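K.L.:
I'd like to ask some things about the structure below.
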Amino acid sequence: MAATKTYLTGVKPTGEPHLGNYLGALKPALRAAHEYDAYYFIADYHALTTVRDPEVMRHNTRSVAATWLACGLDPERTVVYRQSDVPETFELTWVLACVTGKGLMNRAHAYKAVRDRNAEAGLADLDAGVNMGLFNYPVLMAVDILIMETDLVPVGRDQAQHVEYAADIAGSFNHLFGDGYTFRIPKGVYPEGDASVLPGVDGRKMSKSYDNHIPLFLPEGRLKKLIRRIPTDSVPVEEPKDPDSSVVFQLLTHFAGADRIAETRKRLEAGGMGWGELKNELFEAVNAEIAPKRERYEALMAPDSELDDILAAGGERARERSRRVLSQVRAAVGID
Ligand code: ADP
Ligand code: TRP
């Protein structure tokens with residue numbers, strides 16, 4: 001029997017997830033966790049390139065883990081851990097930095113984007129505001145992936161270059177030191193098409209950067225209010241409405257069952273159903289799916305919950321694997 005593939009992904013603790021992240025990233029990733037030898041970690045040291053408030057770092061780190069667990073990730077099956085709990089990562093970062101061309105880092109999208117912005121702003125120093133963490137970011141990410149001997153890395157398209165860099169860097173090491181140790185070459189797994197893109201309250205793709213998002217674990221009362229505030233046109237209750245041009249209806253199609261969607265479509269087209277009623281229906285559908293998870297999330301976020309023990313145990317399991325890889329790497333380069 002072929003060995004189960006290793007499937008690994010990391011999330012930076014930089015903010016609260018929204019319904020788009022839930023449908024587009026969280027749910028598919030949790031489904032896949034059952035099929036693979038899965039590793040899910042919180043990339044806290046990656047977040048340190050931008051997060052400057054220790055309380056925010058602590059809160060968001062726990063919040064990412066609590067979200068996964070509340071949405072059904074089983075920490076017995078999947079290794080859930082903090083990047084910072086695997087110190088071997090930082091030793092390997094130096095080793096791999098020594099086989100990585102600086103030119104490769106110069107071409108990294110995230111770094112280039114800052115330089116482009118500085119150029120546009122007319123700054124003489126194009127590296128203004130760039131810390132070495134941001135510059136080295138792709139090496140650290142390559143290590144996250146390679147140190148767990150990862151086969152597959154499910155991420156958004158924006159991360160494709162980073163996964164390709166990880167494969168490149170592994171190739172450089174294997175070329176130089178392959179007699180002693182060879183890294184497994186990872187592959188990215190990307191979401192397909194636009195069908196699964198959830199719209200935000202203004203009809204564009206739901207995104208934190210458009211500020212049109214609905215946070216996943218908003219308390220019930222605030223969720224209701226936010227949904228009631230989604231802009232709609234002024235077609236009166238009794239007139240027929242076009243469901244397909246309504247954001248509220250589009251959102252409903254992602255949360256309600258097929259029968260409910262078909263019936264609501266008919267009622268809107270026939271006239272007699274107002275936007276207010278449609279919004280109530282959307283609230284009920286979203287809340288029915290989220291409420292049990294929200295309750296579990298809130299329990300896990302309590303200061304003395306089992307969350308911290310789960311993360312510590314995951315860190316230990318991740319370290320077992322990373323220690324084994326690092327000792328082989330050290331021997332391969334002659335530092336043992
Ligand atoms: P944001 O645009 O809010 O910053 P991210 O880019 O951090 O979201 O997305 C994190 C993950 O969530 C990615 O895998 C992305 O594909 C998924 N995702 C984000 N927004 C949506 C959306 N509106 N519909 C479906 N999936 C989404
Ligand atoms: N850079 C990723 C992001 O911003 C987070 C990340 C860090 C990651 N290390 C990783 C993702 C390793 C996958 C694998 O979303």
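Yeah, the Cβs are placed from backbone N, Cα and C, and that goes for glycine too.
OK, TrEMBL features for this one:
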BINDING   Lys12, Pro13, Thr14, Gly20, Asn21, Gly156, Arg157, Asp158, Leu198, Lys205, Met206, Ser207, Lys208, Ser209  ATP binding site
MOTIF     13-21  motif ''HIGH' region'
BINDING   Asp144  L-tryptophan binding site
MOTIF     205-209  motif ''KMSKS' region'
K.L.:
Report the same-chain neighbours of Asn21 (ATP binding site): residues 6+ apart in sequence with Cβ closer than 8 Å to its Cβ, ordered by sequence.
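P.N.:
Within the chain, Asn21 (ATP binding site) has Cβ neighbours under 8 Å at Leu216.
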K.L.:
So of all those binding-site residues, Thr14, Leu198, Met206, Lys208, which one's Cα sits nearest to Asp144 (L-tryptophan binding site)?
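P.N.:
The answer is Thr14.
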K.L.:
Average pLDDT across the motif ''HIGH' region' (13-21)?
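P.N.:
So the average pLDDT across the motif ''HIGH' region' (13-21) works out to 93.
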K.L.:
Would you mind pulling the longest C-alpha to C-alpha span across Lys12, Pro13, Thr14, Gly20, Asn21, Gly156, Arg157, Asp158, Leu198, Lys205, Met206, Ser207, Lys208, Ser209, which the record has binding ATP, in angstrom?
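P.N.:
Greatest Cα-Cα span of the listed binding residues: 22 Å.
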K.L.:
With respect to ligand 2, which members of the binding-site residues Lys12, Thr14, Met206, Lys208 satisfy a Cβ distance under 6 angstroms to one of its atoms?
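P.N.:
The qualifying binding-site residues are Lys12.
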K.L.:
Please spell out the DSSP helix, strand and coil residue counts for the motif ''KMSKS' region' (205-209).
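P.N.:
Counts, helix then strand then coil: 2 helix, 1 strand, 2 coil.
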K.L.:
Neighbour count, 10 Å Cβ-Cβ cut-off, for Arg157 (ATP binding site): what number do you get?
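P.N.:
So the number of other Cβ atoms within 10 Å of Arg157 (ATP binding site) is 9.
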K.L.:
Listed binding-site residues: Lys12, Thr14, Arg157, Lys208. Which have a CB under 6 angstroms from an atom of ligand 1?
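P.N.:
Close enough to ligand 1 are Lys208.
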K.L.:
So how many of the residues in the motif ''HIGH' region' (13-21) end up helix, strand or coil by DSSP?
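P.N.:
Here the numbers are 3 helix, 1 strand, 5 coil.
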K.L.:
Please list, in sequence order, the residues in the chain of Thr14 (ATP binding site) that are at least six apart in sequence and whose C-beta is under 8 Å away from its C-beta.
P.N.:
Ala47, Thr50, Val51, Asn60
K.L.:
Other Cβ atoms within 10 Å is the metric here; tell me which of the binding-site residues Leu198, Met206 scores highest.
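P.N.:
Of the binding-site residues Leu198, Met206, the highest Cβ count within 10 Å belongs to Met206.
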